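Single-structure report; data block below.
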Amino acid sequence: MANHTASSCPTPFLSAADYTNGGYVDGRLCKQVGLDVCCLPCPMTDWAYPDSFNTVGLAAEWVAVLSTVCTGFLLLSWAVLPVDKTYRHYLSICLTTAVLFMNLGFVIPLAAKPAQCFDPITPNSMETSPVCAASGAFLILGGWGGVLWVFLRALSLHLQICWQVVVGRNFMWFSQAAGWGIPVIGVVLALVLSGVSFRFGATCHINHKSSLADLWVPLLVFAGLTIIIQFATFGYCIKVYLASLADNSASTEGSNLPSYTNSIRTMTPKQAYRRVRRVIQLQWRGIAIVLIIITDVVFFSVVFVFQDNTSEALKHDETLAADWIVCLAINKGNKVPCLDLAKPLVVNQATVGAVLLLLAMNGIWLVLLLGRWTMATGWIDMFLSGSDRSKREFVSVDARLDDFKKDTRSYEMLSRDSGKMMDDSVTPSVVTPISPAYRSPLRSPSAHRESTGSANNDGRRTPDYFGQTVRYHAPARSFSSPRPPPPSGQMSPQPAHTVTWDARDTYARSPRQAQYPDEDDYVNPLGMNRI
């Protein structure tokens, strides 16, 4: 580096002749002054924005850290906890993964704290800073993935509601190929054709060269298709709702029993409305996520493209920033009096801060809308059950409370001793079909005495409840088919057979049970639910 005192550039500008061509040379902001080329010191945001701009960027990075924790919690819960606790779905998992990649674009610079400038007038690029390359790649991959997966989510919902198509395995494989294949291709094209560098803030963004063709236009096309599909779905829902208000069909107010005529093509407006309402009640969280992600991406794209075009216009038309440059030169590098002149040249700080914060907090929206309270309870149950398993050995699910485990009488499948029943203090309040407290009238008392008489001397026996074959008893009277009424003026003929009462049909006390009172409460488990 040469001595700056010999330069003809006014303060705070530096001569480009004193520096090499390393870093992102196109990111310099320079102007020809006489025979010298004077450049604004790097980074440009330090001169065009107040000092609080760095605080806004730092706040967005810490919000991204919290968002990363939220997405990590969701992904870990979906991977570890059972599905009845998380209700996981591949559309939710892949969207959360894409948002995690986007958050890493902010978290990596916060952890690495890279130098934004290669030299005092040149910003670093992905060739000169590995941290810049990683953060820019993750940010583009997360943006592409977020747009593609909300597009696929909106498409899935549209097919289910508007076309009654049940998306299955084929749609899942198509979603995986498109949801990750297109973002990977988009990242490769963006890095090869445009590259990334420190444009504003500590996160690297795509350069201006070919960025419209390889990133912004395709990204906005998919975002526009998502918006069209989403609003088409909303329009169909409104149409179905209005049609249901005008539908006075009595058939829709009846029972919900299935019918062969109640197909999709013969569905009445009110039936269609109830079906759409059920789908929306299940998918409203996904609909909200689609709208939030699309809003963030479109907002970021519009703001960044505007900022990018403004920066390029300053390079080609020096008169646009002439007043601001003269102000900096007159005030010897004091930027405060010149901030008002710089406002037309850059996006205002509030807008940039809003964009960065909205992008950084997508993971928080995901945990609020896709997370469930059962995830927290599932983790609590898993840790508690894990500690319990480490303290005691495995016991059967038929075992009683821990206080009775030392006593063999505490097991439901073991009697106190041979030929005797368990007392009331040990018998469970809710008796299961495998408990010997149940006896069945369909099982002969002699068979029961044989099973109890063949028990071991130590009182341990397992009754053979499933060794008997249950006979089907035809009902004495049947009303399954209609019978014609008797002719008028004639008495109904007497039935050819005499209707008798069988105690087995009503589980009442039979003479046999009256003779053996100790067998009254025995119920065969195979006959408990007989109709």
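Just so you know, glycine gets a Cβ as well, placed from its N, Cα and C.
Now, the feature entries from TrEMBL:
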type	residues	note
DOMAIN	53-217	domain 'G-protein coupled receptors family 2 profile 2'
REGION	415-531	region 'Disordered'
TRANSMEM	62-83	transmembrane segment
TRANSMEM	90-112	transmembrane segment
TRANSMEM	132-152	transmembrane segment
TRANSMEM	173-196	transmembrane segment
TRANSMEM	216-238	transmembrane segment
TRANSMEM	284-306	transmembrane segment
TRANSMEM	350-370	transmembrane segment
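Contact between the transmembrane segment (173-196) and the transmembrane segment (350-370) is not supported: fewer than 3 Cβ pairs lie under 8 Å, counting only residues 6 or more apart in sequence.
Taking residue pairs at least 6 apart in sequence, the transmembrane segment (62-83) and the transmembrane segment (90-112) share three or more C-beta contacts under 8 angstroms. If you look at the transmembrane segment (284-306), the same-chain residues 6 or more away from its ends with a CB under 8 A from one of its CBs are 91-92, 95, 99, 143, 146-147, 150, 153-154, 157, 205, 212, 216, 219-220, 223, 226-227, 230, 347, 351-352, 354-355, 358-359, 362, 365-366, 369-370.
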